[in-house]
Amino acid sequence: MSKWKDVKKVVLAYSGGLDTSIILKWLQTELGAEVVTFTADLGQGEELEPARKKAEMLGIKEIFIEDVREEFVRDFVFPMFRANAVYEGVYLLGTSIARPLISKHLIEIARKTGADAIAHGATGKGNDQVRFELSAYALNPDIKIIAPWRDWSFKSRTHLLEFAEQHQIPVAKDKKGEAPFSVDANLLHSSSEGKVLEDPAVEAPEYVHMRTISPETAPDKATIIKIGFEKGDAVSINGERLSPATLLAKLNDYGRDNGIGRLDLVENRFVGMKSRGVYETPGGTILLAAHRAIESITLDRGAAHLKDELMPRYAELIYYGFWFSPEREMLQAAIDHSQRHVEGEVTLKLYKGNVMVIGRESDKSLYSDKLVTFEDDQGAYDQKDAAGFIKLNALRLRTLAARDRK
């Protein structure tokens with residue numbers, strides 16, 4: 001293609017799946033470019049050696065497969081959870097938060113290998129194209145970015161399957177003998193889109209769910225766990241200190257076994273359309289409940305309420321792909337400052353899809369039983385003081401009422 005005629009070497013974000021395997025072959029045949037592959041181990045729960053073998057089969061000489069699980073949770077997931085970030089009230093941003101990390105490594109590998117372009121498999125209809133490219137440009141303003149879904153003649157996955165068959169590219173099959181749902185997975189979540197899920201009125205079949213058992217079949221006995229926090233980050237489960245990735249993986253196990261973290265969502269994409277997806281975020285759902293609980297006793301009311309006001313904007317920045325933007329970094333600095341005293345332990349009950357906070361404690365707690373007791377508080381609080389407080393706060397309301405009754 002003439003627009004890419006100067007591109008000699010491309011780093012491809014490669015999963016080994018249908019789209020990126022076809023993109024790899026397309027880059028070779030249509031652009032005549034040398035391709036370098038990068039496969040990130042984000043904790044997606046699948047063996048990555050098949051991706052290496054597939055790349056080798058397609059003639060790739062430089063293959064990068066990197067375990068980025070700890071970096072992912074430590075530098076991306078945990079900072080996001082300090083903000084209690086959810087998009088449109090429910091989505092825990094599992095796909096969104098992984099994209100800037102992938103872009104970061106694509107840019108680094110391009111620099112190491114002397115590549116003049118990077119490529120990704122995101123479609124021209126979705127959010128991921130924006131997330132990958134905004135992140136890449138923020139890190140290297142001169143990088144060339146190839147997005148084949150916006151350039152090639154294929155208009156559907158049916159056409160992709162035909163191309164794959166022509167070039168003898170193996171394609172995985174699901175239980176029905178068809179090409180699988182469009183799936184994204186990492187240590188934080190998994191998502192499924194496409195096929196019957198494109199009709200928002202139709203319930204997702206059970207086999208779509210990869211990370212959790214159904215709440216109906218979850219154990220009849222509740223699971224009790226304790227999560228320890230330091231400076232807003234989870235550091236332990238049941239008293240055992242764990243690395244960030246190990247801790248999230250363990251929470252995923254607890255969530256999976258108790259049917260926690262399923263979400264059937266129609267969301268507003270950045271590009272303007274609505275889309276339906278089925279998400280599973282077992283460990284993240286538990287972590288969010290625990291983090292909000294420890295904040296409830298360690299954050300001042302004003303700071304907590306301001307943080308809640310800022311959260312939707314922060315979540316939107318991540319969803320839209322602005323992780324490396326100055327405004328996200330500014331908000332992160334404020335959020336991180338708020339977490340200095342967010343430490344302690346939260347006890348949770350996990351039962352049939354539910355996460356229930358049943359206890360929270362901290363040496364930095366602002367909760368005072370002397371102030372809130374219904375018994376004798378030994379002079380800790382003078383209830384007579386409330387009269388003046390109410391009178392001053394009612395002043396403007398009484399003034400308005402006096403005017404309006406005339």
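Using the three backbone atoms N, Cα and C, a Cβ is placed for every residue, glycine included.
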Residue in Tyr137, Tyr279 which Swiss-Prot records at the L-citrulline site where Tyr91, Ser96, Asn127, Arg131, Ser182, Ser191, Glu267 also bind: Tyr279
According to Swiss-Prot, which candidate in Ala40, Ala85, Ala138 joins Ala13, Tyr14, Ser15, Gly16, Gly17, Leu18, Asp19, Thr20, Ser21, Gly121 at the ATP site: Ala40
DSSP-derived class (H/G/I helix, E/B strand, else coil) of Gly17 (ATP binding site): coil
Residues flanking the L-aspartate site, with Cβ no more than 8 Å from the Cβ centroid of Thr123, Asn127, Asp128 and excluding those residues themselves: Ala122, Lys125, Gly126, Gln129, Val130, Arg131, Arg269
For Thr123 (L-aspartate binding site): DSSP state (helix, strand, coil): coil
Rounded Cα-Cα span from Thr123 (L-aspartate binding site) to Ser191 (L-citrulline binding site), Å: 16
Residue among the binding-site residues Tyr91, Tyr279 whose Cβ has the most other Cβ atoms within 10 Å: Tyr279
Cβ neighbours within the same chain of Asp128 (L-aspartate binding site) - under 8 Å, at least six residues apart: Thr95, Arg99, His120, Ala122
